[in-house]
Amino acid sequence: MDYLASLNEPQYEGVVNTEGPAMIIAGAGSGKTRVLTYRIAYLIKEKGVDPFSILALTFTNKAAKEMRERIATVVGSNARNLWMGTFHSVFARILRAEADRLGYPSNFTIYDADDSKSLIKTIVKEFGLDDKVYKPNVVFSRISSAKNRLVSWQEYVNNPIYAADDETAQKPEMGRIYKTYAQRCFKANAMDFDDLLFQTNVLFRDHVDILNKYQHRFKYVLVDEFQDTNVSQYLITKKLSAVSQNIAVVGDDAQSIYAFRGANIENILNFEKDFPDLKVIKLEQNYRSTQNIVNAANSVIARNKGQIKKKVWTTNNDGNRIDLIKSISDNEEGRFVASAIFEQKSQNNYKNEDFAILYRTNSQSRAIEESLRKSGIHYKIYGGLSFYQRKEIKDLMAYLRFAMNTADEQSFRRIINLPKRGIGPTSVEKIVVAAFEHDIPLWEVLNNVNAFLPGRAANAVNDFVTLIKSFQIYVQSKDAYETASHIAKNSGLLKELYDDKTVEGLNRYENVQELLNAIKEFVETPEVEDKSLGAFLQDVALLTDQDNEDPDNKDFVSLMTIHSSKGLEFKNVFIVGLEEDLFPSQMMMSSRDDLEEERRLFYVAITRAKENLYFSYALSRYRYGRLINCEPSRFIEEVDPSFIFVNTRYGSREPKLGRNDGPPGFNANFARNLMANKKSAPKKPLQYHKPSADFRPSDTSGLQEGMKVEHPKFGFGKVSKMDTSGANKKAKVIFEDFGEKTLLLTFAKLRIVE
Ligand SMILES: Nc1ncnc2c1ncn2[C@@H]1O[C@H](COP(=O)(O)OP(=O)(O)OP(=O)(O)O)[C@@H](O)[C@H]1O
Ligand SMILES: [Mg+2]
């Protein structure tokens with residue numbers, strides 16, 4: 001068995017002791033992921049365990065793919081049947097299967113962060129709140145953090161703790177926004193990313209039979225990067241393995257870098273309490289990096305107070321010292337990095353794929369990209385604006401999503417007037433508000449639109465509905481590729497792009513073609529059983545950027561944030577932008593804990609390198625549209641100097657300040673204030689009526705002028721006029737708080753008071 005022979009003693013223990021709870025907390029590069037991989041191979045091959053009953057949770061889809069490939073080399077095609085993927089992808093699959101228990105249809109849409117934020121923006125606007133105070137980003141992350149702590153909106157609105165916290169943060173309307181956001185998602189048959197975990201918890205909490213089913217199905221549960229699981233994820237794994245007790249987790253507390261997203265290091269400490277029979281395995285030998293790199297990493301992490309003490313050592317060569325590169329500007333930094341790559345490649349026979357450039361924030365990639373492009377070095381950016389975030393792709397995807405799920409409000413808003421059909425934002429608002437106020441599905445409003453909109457707009461909407469219905473016939477009878485091509489053509493999207501003969505237009509046209517290619521590839525993959533549009537959309541919703549690789553050219557330098565480099569390894573690693581306020585980040589410096597988290601991030605970055613490591617900083621850099629002076633990061637000084645080589649080969653010249661801060665007299669703040677003042681003052685927030693406890697809609701066939709009625713949202717009012725002329729009977733009601741409204745009696749829920 002050569003795969004077992006390649007393991008050291010404690011690794012071997014970790015692989016073959018498959019029964020009962022096990023935990024490996026060990027340093028970077030010590031083979032944790034390898035143990036997990038081989039443990040699965042061992043279960044299948046040696047213990048004859050059915051791959052269907054093994055659930056392995058990884059941090060990225062890329063990691064899952066690599067693991068599966070490695071397992072396949074040992075066990076063969078059987079590896080296909082493993083349940084392996086990120087928490088989100090695995091539980092989305094389970095949620096689809098059990099959706100009806102939660103009141104969702106199984107074809108629910110998954111909202112990405114953009115969808116969520118634009119919904120939040122709409123709500124903030126509808127409430128007449130100030131979007132400078134209620135920034136979509138901030139509101140979104142507060143909601144996300146609540147969900148990841150398993151706080152439902154009901155609990156959020158009722159528990160004064162949250163209200164107090166929101167008062168302090170000067171966001172007193174948070175509860176109301178969370179509630180409306182959650183209700184609107186539900187109404188749109190949509191779950192956001194956090195819901196995938198939150199709802200799984202609800203499912204397992206409220207439906208014991210389902211929990212039982214999966215507890216018996218998954219006899220073995222394995223989790224990689226355990227230090228970054230949040231409370232919500234931890235609870236799911238704990239519940240799933242409560243019966244079998246066969247849970248194996250691996251992680252490194254020194255690499256915990258998602259505290260801001262609710263990941264909770266306490267999970268490691270609780271694990272021992274939750275599984276008293278726990279077997280703990282220590283791995284100390286690092287197989288990845290040179291002595292210098294391992295020791296440099298140790299010297300950095302030793303400064304953190306909060307950590308589980310462990311030794312990490314290696315028998316690898318000393319290797320080179322860390323190259324420290326100083327540049328005058330971010331552009332020069334880019335050039336130095338490109339020259340260093342060029343030089344290494346020609347002298348030491350490295351390929352592009354042997355290099356990674358890691359940075360703290362995505363925006364740092366621009367200068368680096370520019371110089372790589374000029375030097376003709378092929379590179380790939382992970383993260384940032386990925387293929388699926390481009391406008392034209394999102395447009396077509398919205399059509400596909402809407403054809404699948406006509407309750408999907410965000411997709412509806414995107415496509416209703418695209419290409420232009422003369423349906424303006426006011427009509428769109430009327431439609432959405434009608435669905436909300438009458439509490440009926442969006443699709444029902446669209447199908448009865450003449451009742452809600454005046455003639456011309458209504459006709460345009462009717463055409464749209466007919467179009468979507470024709471798409472639905474495809475959805476039901478054809479595969480994803482035929483359906484998507486048909487929709488791309490007949491929606492008018494492709495034609496519009498085709499007619500746009502600019503370079504960007506052409507590019508966009510090609511991107512849409514590229515999406516169709518991807519769908520074709522999906523349909524033609526033999527392993528894919530379900531070739532429907534729904535299956536494809538599900539696949540895509542869970543894609544991380546790391547999955548869209550250009551299959552024709554695999555030899556590229558990788559550019560990514562340190563966060564997305566977790567678990568990966570490269571022969572040569574550049575950590576760029578090592579400057580105060582950038583890394584450690586200014587935003588993360590409010591406490592000692594934050595600084596420790598930034599330091600763990602630095603530790604993660606260092607430990608990605610196998611052979612050579614470079615630190616780089618610039619003395620000036622463009623940030624927020626201004627040129628600012630920078631100081632070297634404190635982290636550079638924290639590394640024992642005996643491991644560092646100050647590289648003067650790329651020797652810096654005296655500062656040359658050629659660039660300025662934008663056009664003369666330009667003052668970004670002033671401009672921003674000017675814009676802000678143009679906006680009208682916030683309106684008084686809408687406060688809907690709470691229906692009386694005994695509210696029951698009455699039969700309104702006998703409704704007459706002068707009668708007093710109660711509406712579940714608008715409260716009490718008096719009927720001022722009846723209109724029985726058209727096909728749809730209408731009543732004009734003057735409400736005490738909301739003024740005059742015209743209601744359609746087919747839809748309106750009214751209680752006749754007297
Ligand atoms: N016993 C071994 N013999 C040879 N190589 C090994 C051994 N164990 C691990 N490796 C190699 O060392 C490298 C690091 O292993 P692995 O990625 O599993 O570490 P890890 O602990 O998961 O690291 P990280 O904390 O960064 O996720 C890999 O290239 C792996 O193949
Ligand atoms: Mg790993």
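Placed from the backbone N, Cα and C atoms, the Cβ positions cover glycine too.
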Segment assigned the feature region 'Disordered' in TrEMBL (from 302-321, 682-701): 682-701
ATP site, defined by A26, G27, A28, G29, S30, G31, K32, T33: further same-chain residues with Cβ within 8 Å of the Cβ centre: D252, L283, N286, R288
DSSP state at K32 (ATP binding site), helix/strand/coil: helix
Binding-site residues whose CB lies under 6 angstroms from ligand 2, from G29, G31, K32, T33: K32, T33
Where A26 (ATP binding site) sits in the secondary structure, as DSSP reduces it to three classes: coil
Fewest other C-beta atoms within 10 angstroms, as judged across A26, A28, which are the binding-site residues: A28
Local confidence of the prediction over the domain 'UvrD-like helicase ATP-binding' (5-290), expressed as mean pLDDT: 93
